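Asker: Sending over a structure as structure tokens; questions will come in a sec.
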Amino acid sequence: MKKISLPKIGIRPVIDGRRMGVRESLEEQTMNMAKATAALLTEKLRHACGAAVECVISDTCIAGMAEAAACEEKFSSQNVGLTITVTPCWCYGSETIDMDPTRPKAIWGFNGTERPGAVYLAAALAAHSQKGIPAFSIYGHDVQDADDTSIPADVEEKLLRFARAGLAVASMKGKSYLSLGGVSMGIAGSIVDHNFFESWLGMKVQAVDMTELRRRIDQKIYDEAELEMALAWADKNFRYGEDENNKQYQRNAEQSRAVLRESLLMAMCIRDMMQGNSKLADIGRVEESLGYNAIAAGFQGQRHWTDQYPNGDTAEAILNSSFDWNGVREPFVVATENDSLNGVAMLMGHQLTGTAQVFADVRTYWSPEAIERVTGHKLDGLAEHGIIHLINSGSAALDGSCKQRDSEGNPTMKPHWEISQKEADACLAATEWCPAIHEYFRGGGYSSRFLTEGGVPFTMTRVNIIKGLGPVLQIAEGWSVELPKDVHDILNKRTNSTWPTTWFAPRLTGKGPFTDVYSIMANWGANHGVLTIGHVGADFITLASMLRIPVCMHNVEETKVYRPSAWAAHGMDIEGQDYRACQNYGPLYKR
């Protein structure tokens, strides 16, 4: 089966079409802008899978309808998923713009005095606004000389932010969300909304009953040699934590081995269902070998599966991580309890950064006073205003231990193409696998347990659906914090000490939901959230605006908020603008 090609970035150099001197004098400068833009993007960006980003430049500069049509024909044949129009001069606004209604688009108008690039930018954006096809504006803060081919830092930042978000939009389009199971314990995010996926993300939902997973395991629809490899890998790398079950519920060695085997099989089969596996065709399972073209998935688990079979914690933790028995690889996106809306936040974070995502319960707000009362410890530093306990039953990506290191030796989570095997091993070494608590998981399983290192910048996100409004996005930038071991132990044992923990301190602004940490917890829209490495809230905001998903709370600096130019016509308050613009334009793929 032919592999689906990755989306490319189209670069559209536009020019003043007047011959006999004007166009001729601008050809080289205009095309050089296009080449410089392409060089920047190919050097600085990668797809989430790690592949190099490709740019496609129009064969000629575009002066009018004919050349715009020729450019569009080329782009259509090369899977261009987003476009950047560049020019140093006046051109003919509506005659030269990209008219594709669902393709993210930006225009860079060169800030120079010799030719009016800014005038074209304004004219073209006016045409976009009038036609209802929003576009992003890129205009350098400082005037450049006509022969200056450098890209200023502020222009570079906008080009990269637009391109990262645009590639995410293009990469999700046409893919599917694999809903493995149905609604888990009444969790609203697992009431999978097909219209949301189709209208806002351009995706399909593949609904599959959990009996399909059971069938694949029971009928050996998997690569048996790979299973042996996975078991050997687990035997070498898994450290096991204490069994906190009552003796009557503790499993013997043979039973524990069977639970481990099935847990690894679940990971293999869910992966095969998502992306396919040619090895299955070799054993006569051609239909199953194709997979479901899923870029993200969710597994219901509780309770219809977990009351009888091993839970999904081990499978989800391994799939969500950047490594397994096959070595370092791109992490998958698999949402616990089939919380599809948290899965979408995970998908956004992965597409923007190429990193693994940490799925967690937004479990407890600990005030400084409560911690001092319970432990005698007074919080300080990043944690001085209180912390949020992010913890789930063990499905968080093992990268979340933050045993990887950046160029300065700081703890972090890296894009998978930068992770060494040594760093993957360090994450495994920092993780214990604890037998699942019988009262919760009667079928057994193993929960991963790790503690996220402190001082690491994170962005916590969540998508919610509001009846009458549609989807909204929440964003909270902050840091992981490290507590003294005795303090952590006291707090952790008050919940479930066999699960992975991140102590999270959001950045406060003193306003609205970010007045204090309690207000952030109080305004969080659901029981789950996602941690993405870095302070990347601005990228999420740009991506959300492309999809027409308003942001209902964030603590990103206003100077970093970057949305289509037409948003400015929807009022003077930038967050109200976002709601009005998203309502006005409707979902990107209107259905």
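Positions of Cβ are set from backbone N, Cα and C atoms, glycine also.
As listed in Swiss-Prot for this protein:
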type: ACT_SITE; residues: E337; note: active site, proton acceptor
type: BINDING; residues: E337, D361, H528; note: Mn(2+) binding site
type: ACT_SITE; residues: D361; note: active site, proton acceptor
Asker: Would you mind ranking the recorded positions E337, D361 by how many other Cβ atoms sit within 10 Å of each Cβ and giving me the lowest?
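Answerer: Lowest Cβ count within 10 Å among the recorded positions (E337, D361) is D361.
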Asker: Centre the Cβ atoms of E337, D361, H528, go out 8 Å, and tell me which other residues of that chain have a Cβ in range of the Mn(2+) site.
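Answerer: Everything else in range on the chain: I187, G189, T336, D339, N342, F359, A360, N392, A526, N527.
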Asker: Sort D361 (Mn(2+) binding site) into helix, strand or coil using the DSSP assignment.
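Answerer: Strand, per DSSP.
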Asker: Test of understanding: give the count of other CB atoms lying within 10 angstroms of the CB of H528 (Mn(2+) binding site).
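Answerer: The Cβ of H528 (Mn(2+) binding site) has 24 Cβ neighbours within 10 Å.
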Asker: In angstrom units, rounded to an integer, how far apart are the Cα atoms of H528 (Mn(2+) binding site) and E337 (active site, proton acceptor)?
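Answerer: Counting only the Cα atoms, the answer is 10 Å.
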Asker: Going by DSSP, is E337 (active site, proton acceptor) part of a helix, a strand, or coil?
Answerer: coil
Asker: Tell me the Cα distance separating E337 (active site, proton acceptor) from D361 (Mn(2+) binding site), rounded to the nearest angstrom.
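Answerer: Computed Cα spacing between D361 (Mn(2+) binding site) and E337 (active site, proton acceptor) is 11 Å.
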